[in-house]
Structure formats: structure tokens, C-alpha cells
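Here is the structure we will look at, set down as C-alpha cells.
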Amino acid sequence: MKPAHWIWLRRVSQGIFFVLFLWFLLINAERVGYDVIEEGTESLSAPSAGPIRFFFLVNPLTALSLLLGGNLPGKGFLWSLLVVALTLVAGRFFCGFFCPLGTVHHVASQGVMSQVRALRYRRIKYAVLLALIISSVAGLNMAGVIDPISLIYRSFALLILPALFLGLQKISEFMGGLGINFFYEISGHMEAWAMELSGWKLRFYQVSWLTGLLFIGIVALNRVYPRFWCRILCPLGALFALLVRFSLLTIKRREKRCTHCGICMKYCPGNADPEPGVDWRKSECLLCLRCMSKCPEGVISFSFASKQGHEGDTGITRRVFLTGAIAGLSLPLMERVKGRGVVIPRDRLIRPPGSLPEEEFLKTCYRCGICMKRCPTNAIQPALGEAGVAGLWTPVLVMAFGYCEHTCTACGALCPTGAIRPLTVEEKIGKPIRIGSAYIDRSLCLPWSQNIPCIVCEEHCPTSPKAIYFETKRLKRKDGSVVDLQLPCVDLARCTGCGICENKCPVKSKPAIRITSSGESRSGIPLLLR
């Protein structure tokens, strides 16, 4: 096959997998359907394992971080073993042909030539990988924060798509307000399309600014060095680089025909040194095949061979090892309390229903954002300060954005790592599963503090019998009139902590009824009932 054909094959592969990634992401945003579980009772149907999980199941770093944390990866992660096997044959094909974030970086690097002085920075990715490995062993899985698959999904799901849908809605409103029938019809279709793809709800996420800074920053760095992320920072790339040293892939260079023009070195985004007469850095080759296609003499090709030439140093120096080890040990230590590697209890740390106990949750959660994207009410948000440094980007429920739908089990059905275990509707509402408890601030509650009738929280309470009941009190107002006030109270034995009462409370500055994590089922300690 001619070099130009290989280049087109790579481009087609990158395009297909990137389009698949976007399509799976949009499918994951669709609204969950309704089923009838018994006569007169509607239930949000639990979706099947979403296809977007495929990109996480083929990721060896996801499986490795779970395994090192003491969690046996599910059978779906056998796909990652296939990727490892193919890497031992074909090198870093994942980086060159498959990775959607790698495709973004490849496009963003167009026109930027490689620089030899960037070679020394390639060691950083090994320190990052080592830090993540040690942190996972110590009980804190931080790999998902900068894993390329998790990073690009989180960036698109929590920032780019919501911004796109919001923009489409604003454009639709502007066109509809022009008073021209043609534009009015177009605006209606545009808004309906945007709302359908976003799950019929415009979504907002509380850490979007941080997500955006990280994503825009690493993409912009491609204008400094081509494929900056892939060659210098990517922990998955570092893992592949270590495996590739044992792969069968090799480069063939006809040194006698080479004019040493340096074009191959200039166009190589990984500084893999493809020029004849120089030791080829196989672990740094991103398999972009540009050296082969750009060579004017056609002296470069790739093949498979059991005997490999000398590659040179791995880049893992003593300094790199110590830096990674110290960083990996420091991450869990930042959240240690009295010698225990658990997060300080926080009353607003409300995890999705089915979440593992906090210590196990932090070992297992990959911070991918799938549960956040699929939550039909937008209640599941990426944590910023609720769970401390250890819980950055882990899912928490923030009732200001939404609430936990009483019969919805989508988050557990889609979680790729099992940090949120799958629940049936019967299990969730039957036991029931508690994610917290509601309490009433009587200094803010309208009936309690201002003698103003209000029964909003009781009206929206989904449990049966309701967890909110009333105490009736007869009061005499200043004008002499007598009123029977219904004062809301919470029955903690029935409250599941769904948060709809807090979300719907008319006291908006600070809701008069709020959810606390005390009494959650996963802790096994119903604190408020003792």
C-alpha cells in the first residue's frame, strides 16, 4: 500500500471513531423513557448500558486503576486486554487511529513543526502515570481526572454541548422574534432539535469554567509543540509507550538512499527520530505515518519483526520516579483524617443513589461524567468543594440544579466502573434507598417564620405515604383574623433525600428545606434517627 493510502486510512479511522464518540455522546443525552411498572405507577426506565461506555471499556488505564485499587474490573473490560494485545503488535495504534482526544490534538497541531528541545519534556508523562498508579494503590483513583477518554467526554458533555444547545436556543429566540414566517419556522425546528438532543432540558454544570480552562489549555498547547498532550502529559500514552517497547512494530529505513534532508524529523509530532542513522524512539511514535508520507525519497516504511533495534533510554530517570512517587503519595494524604484515608464528612456531600461507601467510591469512581450527562433533572453535578481535593469532578447531587427523580435508575445503569451500582426501580423505592435526609429551617420557612400558608414541599414529596406531614396551629393575626396554619415537618423514617422539596421550595435565596447527607443508606449509619 502506498504511503498516501496509509495516511487516508488513518484519517478515515480517526474520523469514524471521532464521529462515533460524538454520536454515542448525543445518544447518552437523550431523555430516559417512561415505563409502567404497575397499574397507575409510572417509572423512569433504566437504560441499557450506553454505547458511550465502549470508549471506557477499551481503555487499559481505566482497568489498571480499578485493579490497583482492589476492585476487579467487570467482564466488559476484557476489551482493554484486546487493546493491550494489539499494542504489543502494532505499537501506539490507539493514539494514531482511535483516540478521539488524540484526533482533536492532531487537528489542532496542523502547521506546527516538531522541535528537538521538546524531547526532555517527554519524561513528564511517566511521572504522571506513576503518580496515578501509586495514588490508586493508596486508595484514591485520580486517573479519570486526566485520562484522555474521560477528559474529552467530560469536556464535551459538561461544557461544549451545553454551550452549543444554549447558543442554538438563543439564535432560535432571535430568529423567532424577527416576525418573519420563514425564520419563525426554522427557529421552531432548531429549538426542538436542540432540546431533544439535550434531553428536553438545558443543562448547566457548576464546574464548567474549570473544565473549559483545562480543555482549552491543553488544546492551545498544540501550537507550542505538536501533539503536546500526547507526547508530554498523557498518562494513557505513557502506559502505551511502556508496552510498545515490546511490540513487533519496527521501522525500515533505507539509509543509502536517504539525503538527510530532515523533513521526516520536522514533521514527526512525537520526536520519534525516524531519520535513518538515528536510533528510532519506538515508544514515542504516535503512528501518524507522516514521516513515511512526507519523505521525498520514500526511504521510510513500517513492518513487523521479532528482533528489534536499539531504542535508547526510556526517559524514566530517578528524578522522574521520585517525582511521580511523591505526587502519588501526596494525593491520598491530603484527605487523611486521624490516620484514616476517608473524606471528612460533609453534610452537602450527597452521592447518587446506589453509590458505594465513600472510601470505596473514591477508589472506583472514574470521574467520567456519564452519570451527570444522563441525569434527567440535571441534579448530578461535578464536585468542586463538596468532597475536597480527593473528590474533584466526582458526582454529587446539587438540588439547586435539580432533584433525584423518584423512579429513575439511569446513573447506576450507565456507570462504567461500578462506583454507582445498578438498581432496579423496585429496589430503589422499595427498601428504600436513601441518599440523605431533609430538614426544615424554621427561621426561613414561610409558615413557621412568617405565618404565611405554604405546602409546596408536601405537594411535591414523591414517597407514599409522604415524608412531609403537617402540624396544625391556630394563630390570631394582628388584624384580629384567625388562621389555621399547616406547619410542615419531616418524617425521617420515610424521607429518601431525593431533594425535590429543596428544589421546589419558593424561598430561593436559601431554601427553607434542605437535604443533608446524614442518614444515607450507603453509610449504614442513620445518624438522624439515633
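Every residue, even glycine, has its Cβ placed from backbone N, Cα and C.
Within the set 6-23, 150-167, 204-221, the record from TrEMBL flags 204-221 under the feature transmembrane segment. Outside the transmembrane segment (204-221) by six or more residues, the chain places 104-105, 108, 151-152, 154-155, 158-159, 162, 228-229, 233, 372, 378, 381-384, 393, 398, 401 with a CB less than 8 A from a CB of the stretch.
Sequence-remote contacts of a segment are chain residues at least 6 beyond its ends whose Cβ falls under 8 Å from one of its Cβ atoms, and for the transmembrane segment (124-146) they are 61-62, 64-66, 68-69, 231-235, 237-239, 241-242, 314-316, 320-321, 323-325, 327-329, 331-332, 335, 341, 359, 362-368, 390, 392-393. Remote same-chain residues near the transmembrane segment (228-248) are listed as 59-61, 64, 84, 87-92, 94-95, 99, 101-102, 105, 109, 118, 121-122, 124-126, 128-129, 132, 143, 146-149, 218, 221-222, 269-271, 282-286, 304-306, 311, 314 (criterion: CB distance under 8 Å, separation of at least six residues from the stretch ends). Across the residues of the domain '4Fe-4S ferredoxin-type' (249-277), the predicted structure has a mean pLDDT of 87.
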